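Okay, so here's the structure we're looking at.
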Amino acid sequence: MSIMIIGLTGGIASGKSTVSKYLAEKGFKVYDADKIAKDISEKKSVQEEIISTFGNKILDKNGNIDRKKLKEIVFENKEKLEKLNGIIHPKVINFYKELKEKKTDKVIIFDVPLLFESGIDKFCDKILVVISDYEVQLNRIIERDKINRELAEKIIKSQLSNEERIKKADVVIENNSNLEDLFKKVERFCETI
């Protein structure tokens, strides 16, 4: 069976997850890298590796990893972010590699925020990028994640720029308007699959 793998990516708060959910509702098989990474990071062996790398300062009072503390640490320091990604990314990449080899569905969507940075784009036949203007993105993050502007800016700056993503994309969907407009654009994309 011939299989098409679509890599779906976009910066934080660009609307990528909304597009991902919409595609899943349309019946496409979607594999969300954030969920896969979260599941991987909850394995005891991986948690031990994260704690030994970042120390007890990332733990809450119950001895569990405090994701908010960890996020603040890794987005303050690029080397620390790379260390965390070095623990998680190889395991996520392996998951996608195994999935591609299984050839289970006709069309599979890899929903990966760091598609290019992780190298997962190499497994994809087509790349769909969702972008939003910087200020739109910033306001969405602040509202959604209840974080301050400074941390939101650091998170955006830690990722590839829209310009860099666009260069590597087969299809670009701009999401600066409302959901109805976004879904119309996704429908047009679906007609090309």
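Every residue gets a Cβ built from N, Cα and C, even glycine.
As written in Swiss-Prot, here are the features:
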- A13, S14, G15, K16, S17, T18: ATP binding site (BINDING)
- 5-193: domain 'DPCK' (DOMAIN)
Task: Same chain, 6+ residues apart, C-beta under 8 Å of the C-beta of T18 (ATP binding site), given in sequence order - done: N175, L179, L182
- [ ] For each of the binding-site residues (S14, S17), count the other CB atoms lying within 10 A of its CB, then report the residue with the highest count.
- [x] S14
Open item on the list: Using a 10 Å radius around its CB, how many other CB atoms surround K16 (ATP binding site)?
Closed with: 26
Task: Neighbour count (Cβ, 10 Å) for G15 (ATP binding site) - done: 25
Task: A13 (ATP binding site), number of other Cβ atoms within 10 Å - done: 22
